[in-house]
Amino acid sequence: MATQQFESAKKLILHFTQKNSMNTETDIKGVMPELEKELSRRPKKVCIVKMVGTRNLWKNIVVLCVNSLTGFGIHHCFARSMMGHEVKVPLLENFYADYYTMASIALASCLAMCVVVRFLGRRGGLLLFMILTALASLLQLGLLNRMSDSVKDKFSIAFSIVGMFASHAVGSLSVFFCAEITPTVIR
């Protein structure tokens, strides 16, 4: 119905009413006459290319897609950085330890994302997590070169955890925000 394909909509409504054993005469009396009136119109097809014509929507979707790509891409880099260290703790020699660590960081990120978005809003939360991701990345790249090897590993793991936390939130928020602003027909 959103794309004005009323013939298909009528068939679906009749199919649903028959499957649910509804009386088509009494239960949907206001719907069918309205559909009958609209059947004379031609169906309107909507294509994703129509987004190019709406400049603001197109710009927002491209920015959010790049944010999502960057967030999940750098998340992978932080994960590789965290797993690249030799494990000196016997408890963490388990094969699944890295997986459970990343899953718990993602879960904590999702929970924190909900709280932050509640207080700061979507854009404020996205900005906060992008700043945290950038800080973790810059500190890991720039600060660790000036440290001794014994301290470098500990700080690298700490910055990787913070970076994974924030970058997962950036990617998830970008996907949710992009899905929200994209029109239903295009989604």
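Cβ atoms here come from the backbone N, Cα and C positions, even for glycine.
Through the fold, the transmembrane segment (60-79) approaches residues 51, 98, 102, 126, 130, 133, 136-137, 140, 159-161, 163-164, 167-172, 174-175, 177-178, 181-182 of its own chain, all at least 6 residues removed from its boundaries and within a Cβ separation under 8 Å. As annotated by TrEMBL, transmembrane segment applies to 60-79 (among others).
Among the features that TrEMBL reports, transmembrane segment is placed at 99-119 (among others).
Look at TrEMBL and you will find 126-143 (among others) tagged as transmembrane segment.
Per TrEMBL, the feature transmembrane segment maps to 155-179 (among others).
Counting only same-chain residues 6+ beyond the ends of the transmembrane segment (155-179), those with a CB under 8 A from a CB of the stretch are 60-61, 64-65, 67-68, 70-72, 74-75, 78-79, 81-82, 85, 102, 105-106, 108-110, 112-113, 116-117, 122, 125-126, 129-130, 132-133, 136-137, 139-140, 143-144, 147, 187. Long-range neighbours of the transmembrane segment (99-119) within the same chain, counting only residues 6 or more positions beyond its ends whose Cβ lies under 8 Å from a Cβ of the stretch, are 79, 82, 125, 128-129, 161, 164-166, 168-169, 172-173.
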